[in-house]
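*Asks:* Sharing a structure with you now.
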There are 2 protein chains.
Amino acid sequence: MTRIPMTERLDQGWFTEVFDSHGSAFSLMIKDKLHEVQSPYQHLEVYATETYGNLMVLDGCVMLSTRDNFLYHEMMAHPALFAHAAPKRVVIIGGGDCGTLREVLKHPGVEQVVQIDIDEEVTRASQRYFPELTASNDDPRATLKFEDGVKWVESAPEGSVDVMIIDSTDPVGPAEGLFEVDFLTRCHRLLADGGVLVQQSESPLYHTGSIIRELRADMQRAGFDSVATLPFPQPVYPSGWWSATLAGKGSDVTRFRERDAAAVEFPLEYYSVETHRGALALPPFMRRALSA
Amino acid sequence: MTRIPMTERLDQGWFTEVFDSHGSAFSLMIKDKLHEVQSPYQHLEVYATETYGNLMVLDGCVMLSTRDNFLYHEMMAHPALFAHAAPKRVVIIGGGDCGTLREVLKHPGVEQVVQIDIDEEVTRASQRYFPELTASNDDPRATLKFEDGVKWVESAPEGSVDVMIIDSTDPVGPAEGLFEVDFLTRCHRLLADGGVLVQQSESPLYHTGSIIRELRADMQRAGFDSVATLPFPQPVYPSGWWSATLAGKGSDVTRFRERDAAAVEFPLEYYSVETHRGALALPPFMRRALSA
């Protein structure tokens, strides 16, 4: 079976991401290619689509669109922050588009956020093509570092972080090291008692029995005391269904500050105390696969 | 901008559905075309895919796959049945693949289910290529009729139904009449007091401000006393995110028999008391758009 080459599809007005190992593909109709750069780490493209706003693509994989990134960014930030009793010091590994950073900075109790993305080109492209995501970057609580997150985690002081957000690409290429038990063990060391870690954990339909199950096992091996996988819709990602997996150090991530979450005064599109509760309720097929 | 013709894509081993008005497309890698027939109502195809099992396509639109139909069928059946106090008489309009019928028949309290699909070819294809969905068709409580659901609803006796399930294709083509206020008014008449209606209501991302909002308004115009829209993931449908909208006649469909739902002994993959509760919690962007 031959594939339609990406370039040929593009000539015809579509961007297509083929999910080879899952036998599916997702396409968006595009108006224009706005930006293309080969950074030292990956190939970055930005397209103007017909209906999803702008689209950022890294090494051929869709990272985010203007239209639906609110789902991912809210679910990477708020469940972890509300699962922590009083988060003040937050670290984001990856997340160069700054969408997760923006959500974290909405929490008035957060005192500092350090974001470490290896690739400055991602942040530069986001500033230009997704300015709404980088609008909070000048917040004095925020520090943006462009270096290797794995190395940064190795050298950061023990017990110095309340919430760690691993906002990475898929577990191949530059982000491979972020899905290893050694890295999780170092994250665990970095977290203060009561700390919460969250990592994007791929598709409930495609990866429950593989990546999600392995990540949860690795989190437990790394010393975390509780884990919780929260599914949410994400149209531009494989299967249109995605997940974040939380892990607690001396804290129970299956619970959260419901009263505080219900009382938020900042703007939200997807996250609410009810959607958080709903996401904690794993569908039976996932519950069975993860307890097996 | 020219499109890649369907046939050309197929020659290259993919089935692609283009969602023109939404500027997106979804593709599955196929092994073979198993079946093709032009019925009096629509063009029906069945493919063997590489990773989604079999795939049924009507007039070029994906209807269901072996792999992920459990999401749609469970969410079209169980929330409505548990929102009713004691459902005994159930009617399914459409639903020819019999997946919804199978879910309804899992409820021991249901005494009769009448399914009315205009196109017998859908059921014949399902029997052959999705045998797990039609395995309950011989249940003595089930009656399959192949006729026009709109006409059937016009002639059925008032107050004779507890739960009505409108399991239709999109609101264009054969199913167009199923999305009109006159039809909903007739459904309302057919339902006994305490009755519940449920209709598939398209994508939360694409249709909240259009089809979903209009359907809810039409339900209220038709005399229903309560409405609730329940989102759920559905990878093979546009945006990978879908919804069912419930309406109650003298009943509150924002509530359900939680104790009974928690005590079910039949097999479920997606539905649970928790996923039902979670689906009732609309994300803020939907809540705002639907209350506006």
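Cβ atoms here come from the backbone N, Cα and C positions, even for glycine.
Those TrEMBL annotations? Automatic predictions, nothing curated.
From TrEMBL, here are the annotated features:
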type: ACT_SITE; residues: B:D167; note: active site, proton acceptor
type: BINDING; residues: B:Q42, B:D117, B:D148, B:G149, B:P174; note: S-methyl-5'-thioadenosine binding site
type: BINDING; residues: B:H73, B:D97, B:D167, B:S168, B:T169, B:D170; note: spermidine binding site
type: DOMAIN; residues: B:12-249; note: domain 'PABS'
*Asks:* For B:G149 (S-methyl-5'-thioadenosine binding site), which DSSP three-state class applies?
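*Replies:* For B:G149 (S-methyl-5'-thioadenosine binding site) - judged by DSSP and reduced to three states - the answer is helix.
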*Asks:* Relative to the Cα of B:H73 (spermidine binding site), which of the recorded positions B:Q42, B:D117, B:D148, B:D167 has the closest Cα?
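*Replies:* That would be B:D167, the closest of B:Q42, B:D117, B:D148, B:D167 to B:H73 (spermidine binding site).
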*Asks:* Work out the three-state DSSP category of B:H73 (spermidine binding site).
*Replies:* helix
*Asks:* Restricting to the recorded positions B:D97, B:D167, B:T169, which ones have a CA within 10 Å of the CA of B:G149 (S-methyl-5'-thioadenosine binding site)?
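*Replies:* If one measures from the Cα of B:G149 (S-methyl-5'-thioadenosine binding site), no recorded positions come within 10 Å, so the answer is none.
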*Asks:* Nearest to B:Q42 (S-methyl-5'-thioadenosine binding site) by Cα distance: which of the recorded positions B:D97, B:D167, B:S168, B:T169 is it?
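*Replies:* Its closest listed neighbour, by Cα, is B:T169.
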*Asks:* If you average the pLDDT over the domain 'PABS' (B:12-249), what number do you get?
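*Replies:* Averaged over the domain 'PABS' (B:12-249), per-residue pLDDT gives 95.
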*Asks:* Are there any residues at least 6 positions away along the chain from B:D117 (S-methyl-5'-thioadenosine binding site) with a Cβ closer than 8 Å to its Cβ? List them or say none.
*Replies:* B:I93, B:G94, B:G95, B:G96, B:T123, B:L144, B:K145, B:F146, B:G149
*Asks:* What count of other C-beta atoms do you get within 10 angstroms of the C-beta of B:D148 (S-methyl-5'-thioadenosine binding site), across all chains shown?
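*Replies:* Summing over all protein chains shown, B:D148 (S-methyl-5'-thioadenosine binding site) has 16 other Cβ atoms within 10 Å.
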